[in-house]
Amino acid sequence: MTEEFNESMINDIKEGDKVTGEVQQVEDKQVVVHINGGKFNGIIPISQLSTHHIENPSEVVKVGDEVEAYVTKIEFDEENDTGAYILSKRQLETEKSYEYLQEKLDNDEVIEAEVTEVVKGGLVVDVGQRGFVPASLISTDFIEDFSVFDGQTIRIKVEELDPENNRVILSRKAVEQLENDAKKASILDSLNEGDVIDGKVARLTNFGAFIDIGGVDGLVHVSELSHEHVQTPEEVVSVGEAVKVKVKSVEKDSERISLSIKDTLPTPFENIKGKFHEDDVIEGTVVRLANFGAFVEIAPSVQGLVHISEIDHKHIGSPNEVLEPGQQVNVKILGIDEDNERISLSIKATLPKENVIESDASTTQSYLEDDNDEDKPTLGDVFGDKFKDLKF
């Protein structure tokens, strides 16, 4: 009768059952729990108290706490009619954690978790069990030192669940990407052509500079970096430098933003206001020849036009008869059109006119003194047929 009674009592609670009870004792390596409706007390070994590593059971429970756990084993001493339920609180926590995480994965939801440890390959986080954020899934940006996350609560998404292999992979990078996409959409909606905004140089390429304008990058083409000619972006800007940029265009569909630093700077013409005046004689450099004249640079990126009629006192058929690119010349400012940013120049006005007159006179005298009869005009050349009908 006694044996039948004991077996029936034991069979009331079976291995795999979920039980609840109150913590009676907290010892160094285990916790004693009074099981509701149980014949014996329950024992939770320290290794089965938590999904995290603990040194002492008192870190997670105290006397009087109500706990829930799975029965993993039943120990019974028939001779002394004593026994105990071996319990696992950790197994139940892990199961609940997987159910929670699976729901978040299915719904593509963001969760928060505390970083409990920083390891070489990434971050260990508490998600009701040990979760791992690999280094490649920590951020959209390069982060050299992961220790900045130690103890922080971070926003993450479930990337992979594998209960059989106790594998929980999470991603902080996926959340950052969502936030970046939302921020980009907001910025694209708020930007208008002509806006002048602050930014920071994010990276340089051979064709321009990418500027971070609040989480979104826009491109300043190399031709829009400066009013002066630029070979490489490094000549003008450096990574991390704060700059002002003007929005040239916004393509929302392709998420492309064209920017200009040049348009936020004074024009070369504005920089010379008050420096040059009409009738000033200054030095310049011939930069380009055209059939109607020569363009002369008188200040960095400031050019004026010397019309072909203002190149020399004597008639020339083409500017390249007397000028060439790179040549240094003196020019006189004939006029400054500030509204259209044009400057009229003259080389002729800086040349002594007397030299030209003497040259013309010398040519005439040489011609008159030439004894070559072949070059001299005859009376017939001068008067033609006017005397053909006269009789003498």
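Each residue's number is its place along the chain shown, starting with 1.
Every residue, even glycine, has its Cβ placed from backbone N, Cα and C.
As recorded in Swiss-Prot:
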type	residues	note
DOMAIN	16-90	domain 'S1 motif 1'
DOMAIN	108-173	domain 'S1 motif 2'
DOMAIN	194-262	domain 'S1 motif 3'
DOMAIN	279-348	domain 'S1 motif 4'
REGION	361-380	region 'Disordered'
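According to DSSP, the secondary structure content of the domain 'S1 motif 4' (279-348) in residues is 7 helix, 38 strand, 25 coil.
Among the recorded stretches 16-90, 194-262, 279-348, the one sharing the largest number of Cβ pairs closer than 8 Å with the domain 'S1 motif 2' (108-173) is 16-90. DSSP labels the residues of the domain 'S1 motif 2' (108-173) in these numbers: 11 helix, 35 strand, 20 coil. Across the domain 'S1 motif 1' (16-90), the DSSP tally of helix, strand and coil residues reads 8 helix, 39 strand, 28 coil. Note on the domain 'S1 motif 4' (279-348): its mean pLDDT in the predicted model is 94.
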